[in-house]
Amino acid sequence: MLKLLRLSFLPQSADLGLLVLRMALGLPMLVLHGLDKVQKFDTLAPKFLPLFGLPSNVSLGMAIFAELVCAGLVVVGLFTRFAALSLSITMGVAFFIAHNAQFTGEKPGELAFVYLAGFVTLLLAGGGKFSVDGK
């Protein structure tokens, strides 16, 4: 039983774990968040949070770049650390600024925090063997 828990029968379990993490984070980010923001750009732009002195449409464009392009890069494992850094920054801004670091309440940021933790993990670990970047 203990041998089964070590997954020694699966020698590349860490790389498989990174593949699963890349898919679990990248696909929903791309499809549910990135594409959604592109489709709703005109309605989102006026009410999107302007950041660091940038107009709201530029902030929205930067979020779209991260959530669409960088999420796609994470999925295939190309420039994984760069893409994960961009997405970590985006999710950090979402959690700490847009959601006021609140997990519950009127504007809960729980999902942004989970994405942030996952993308920081990919930033530190890289894409793994089963990626275009794979070593």
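For all residues, glycine too, the Cβ spot is worked out from N, Cα and C.
The transmembrane segment feature in TrEMBL is assigned to 55-75 (among others). Long-range neighbours of the transmembrane segment (55-75) within the same chain, counting only residues 6 or more positions beyond its ends whose Cβ lies under 8 Å from a Cβ of the stretch, are 22-23, 25-27, 29-30, 33-35, 37-38, 41, 44-49, 82-84, 86-87, 89-90, 119, 122, 127.
When Cβ-Cβ distances below 8 Å are used as the criterion, the transmembrane segment (82-101) is approached by residues 25, 29, 49, 51, 62-63, 65-67, 69-71, 73-74, 107-109, 112-113, 115-116, 119-120, 122-123 of the same chain, each at least six residues removed from its ends. Annotation comment: TrEMBL describes 82-101 (among others) as transmembrane segment.
The annotation transmembrane segment is assigned in TrEMBL to 113-132 (among others).
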